[in-house]
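Annotated in Swiss-Prot:
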{"type": "REGION", "residues": "1-331", "note": "region 'Ribokinase'"}
{"type": "BINDING", "residues": "Asn207, Leu208, Gly209, Glu210", "note": "ATP binding site"}
{"type": "ACT_SITE", "residues": "Asp276", "note": "active site"}
{"type": "REGION", "residues": "358-486", "note": "region 'Cytidylyltransferase'"}
Amino acid sequence: MSTNVADLLHTIKNNWCDRSILVVGDVMLDQYIWGDVGRISPEAPVPIVRATHRTEQPGGAANVALNIARLGARATIVGFTGTDDNERALKDYLSSNRVEADFVSCEGFPTITKLRILSGRQQMLRLDNERAESRPSTAYQKLIERALHHLPQSDALILSDYAKGVLLPEVCQTLIQAAAQRKIPVLVDPKNVDFSRYRGATTISPNLGELALAARVDLENLNDLLYAAQQMVRNLGLSFLTATLGEKGIALVTRDKTTISAAVARQVFDVSGAGDAVIATLSLSLASGLDPELGVHLANLAGAIVVSKVGTAPVEQYELLNALTAESVPVAQAKVVTRSELLELVARWRRNDERIVVTNGCFDLLHVGHISLLEQARGFGDRLVVAINSDRSVRELKGNSRPIVGEQERARVLAAIAAVDAVVIFDERTPLELIEATRPDVLVKGGDYAVSGVVGAEEVQSWGGHVKIVPIVEGFSTTKLIEKGH
């Protein structure tokens, strides 16, 4: 894996936009009803969910195509749908996200839809509407014709198989052979246990459970599984196989070698859609000429990003770029962000239904009182943002002898504290503008302030947020430390 980070960043930003990926497979619509649980039903021992809002987005193969588009490339999706409102909703969503949807509509078959009911980050129930069986032969003929029509303009082909009746063996083999004639790489995300239908593909990307079922090997015996994967590479004529191993990472398996790309540490909220992000990223890597090892590394980063989100959600190009950049800098430094970067982070945290806490101050000569404040502030929510006054702002407030420690050094020290998720520097006299931009759920201030005296308190309370005053640790302050030093 010799390519440096700068080259990879350049490839993602400037090469992927010229790539075109064809996805064929089981398209779905994922629907979500979000709500709050306040009590148990008197009719049965089940929670009552009070619905607050509803969302929907592409799932299955359609989510693979969406990931490709969000990563900056062109995507075309071919698959079966019904002739219903969900088919139109799916087409509209994809079209608005620059995905060309070429669906074969089948009478008597619904558009596959999965409705999930969630409270907070907890999934309460899932309802599936589908007919997972073969369509008429004429439908398969149309599907193959449309896929072959798009193939010459494609840089890679993905077969996204959710075992819902689209990718029959004859469909897979027709498309794999056509792609091979044009030297177009074929990537398969399998759900069927019979991998022989994917013979001749460039790579198959099963998860650990899928690999165990296909190989008929005990899930707990990783060495035997990876040996079986090597046999599959040989027997199926693959270039390589990639197996997602959950917390262990992703294994890249060739005929005579296995390399494991370690998992990226992330807080896991929802694993749905991770495999879609992995194969979308891997397809773009191969289509742009990167070697498989680099492709697996990028796919690993993409999967880690997606599992940190709630629900089926694609990986964004900027998220992959940020993750790749963060690898080349210390973790603490990566937590020091600009205002625009902070707003992107806050937006992502909100999509995950995370509670955001903001505190602010000069934080000059960090001491135990500061640490106590930060640890208590973190306890009020899921993410803690620390906003610090710039050097110019500190001088305006404290005089020309301050700060003792420069803004960049103060920011780096704060970022090294585990309780802190992001540090941002503001140049204004007060953090009001930043508070209004981030709209925190909780605003925390240390000291003996009245809530009414806290900058931003009125604004935070106006949108339903809370203001918390944390008592100071007696005997510790920056001023006293300076006096003691003198």
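Heads up, the Cβ atoms here are built off N, Cα and C, so glycines get one too.
Predicted, not measured: the structure shown is a model, and the values here were computed from it.
Here the residue listed as 'active site' is compared against the binding-site residues Asn207, Leu208, Gly209, Glu210, and the shortest C-alpha distance is to Asn207.
Long-range neighbours of Gly209 (ATP binding site) (same chain, six or more residues apart, CB within less than 8 Å of its CB): Leu219. Remark: of the recorded positions Glu210, Asp276, the most isolated position is Glu210 (fewest other Cβ atoms within 10 Å of its Cβ). Here the region 'Cytidylyltransferase' (358-486) is broken down by DSSP into helix, strand and coil counts: 52 helix, 26 strand, 51 coil. Leu208 (ATP binding site) counts 17 other C-beta atoms within 10 Å of its own C-beta, drawing on all protein chains shown. Neighbour density for Asn207 (ATP binding site): within 10 A of its CB lie 19 other CB atoms from the protein chains shown.
Restricting the average to the region 'Cytidylyltransferase' (358-486) gives a pLDDT of 87.
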